[in-house]
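Asker: Pasting in a structure now, in structure tokens, and then I'll have a few things to ask.
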Amino acid sequence: MHIHEYQAKTLFRCRDIQIPKGILIDNTTKINDVCKALGGDVWVVKAQIHAGGRGKGGGVIFCHSIEKVERVCNQLLGSKLITPQTDAKGLPVGQLLIEAKQNIERELYLSLLIDRQTHKITVLSSTKGGMDIEKVASKTPDKIIKFGIDPLGSLSVQDCTFLAKKLGFNTELTKQFNNTLLSLYEIFTQKDVNLIEINPLIITQENKLLALDGKIDFDDNALYRHKDIAKLRDISQEDEKERLASEYQLNYILFDGNIGCMVNGAGLAMATMDLIEHFGGSPANFLDVGGGTTADRVAKAFELIQTETNVKSILVNIFGGIVHCDLIAQGILQAIKTVGLTLPIVVRLEGTNAPEGLNLLNKSKFNIHVESDLTKAAIKIVKLTK
């Protein structure tokens, strides 16, 4: 689960990580008071959306007058912001964070994430922070400092000091950096975080270390342990269909293709999409109905797929282990009748009671083509779509 920048900064402030003074708004009635309360003569208006690249998308704007602040706020509030990290539709802007401009001496990058290769929490830091950090990582990876933390151990002050030296900090900045990194590590480990990032982490002309931005991604599966974090969820930033799918324990991701996919198991779902692509088709979605597939869940899956106007056909690929294929077939027939589906469907069943399930589907009056071989099923669905 992602949260907004202002929410991340609130968590930072509670852990004594230094952040700029900012005021959150959702309307423009008191812009003059906001700017005066922040002080200074240049302000930064920052759109609050769950995506990076806001600066490149026009969502972070410097204003040299209160009049411009008001004009920019009116333009952004209620709009949809498109950035390099959103789709073509963009994300709705319902809130803005206004901050006074900082006197920046240097921009750095700092994050913690789970490294799947080393199986460690890894600190990433760089002296080249800012909007082009992705370019730095791809073109000059030597500029990124990596430090792995033993999952059975902890992050020490000595570890932080080691990284501070790598970044060229003096004694005062090292003290501030150590506090910042140790606090980030506490949030990461205590709140079941997947990624926590400050970009940029700035050094001001006053020799202060400030988190100018904040990004946190929490493990959805651990939210039951963190009711305070779960309350920070903003469903306006989520794809509506993906949100509805999650309520039925369906893992659903929308693509741009025209062949709907319904599969049980993430690995099998990816293999199914690969085969469709291999034979010249284009998947419209990733949809994993999970191991405990029920008729209701299958019906909801068909309903989600059918709402996409670009979908021309559907491939169902089920491997019956604990779940019996004949029960799955009954669920498919019930779901098709309930949803009123008329698109051509190819169903591949394999596993427990697969012959019985395929026989049930063959006898039905619906537009269903059955296969026991996945390759043949992929070829068939591509032909039907063309």
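Each residue, glycine too, has its Cβ placed from N, Cα and C.
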Asker: The substrate site in Swiss-Prot includes Gly321, Ile322, Val323. Which of Asn221, Asn251, Asn258, Asn264 is also listed there?
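Answerer: So, going by the record in Swiss-Prot, that would be Asn264.
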Asker: If you measure Gly321 (substrate binding site) to Glu107 (ATP binding site) at Cα, how many Å is it?
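Answerer: Rounded to the nearest whole number, the Cα-Cα distance is 53 Å.
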Asker: Write down the Cα-Cα distance for Lys46 (ATP binding site) and Asp213 (Mg(2+) binding site), rounded and given in Å.
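Answerer: Each residue's Cα considered, Asp213 (Mg(2+) binding site) and Lys46 (ATP binding site) end up 10 Å apart.
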Asker: Please list residues from the chain of Gln102 (ATP binding site) whose Cβ is under 8 angstroms from its Cβ, counting only those at least six apart in sequence.
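Answerer: Within the chain, Gln102 (ATP binding site) has Cβ neighbours under 8 Å at Pro20, Ile202, Thr204, Leu210, Leu212.
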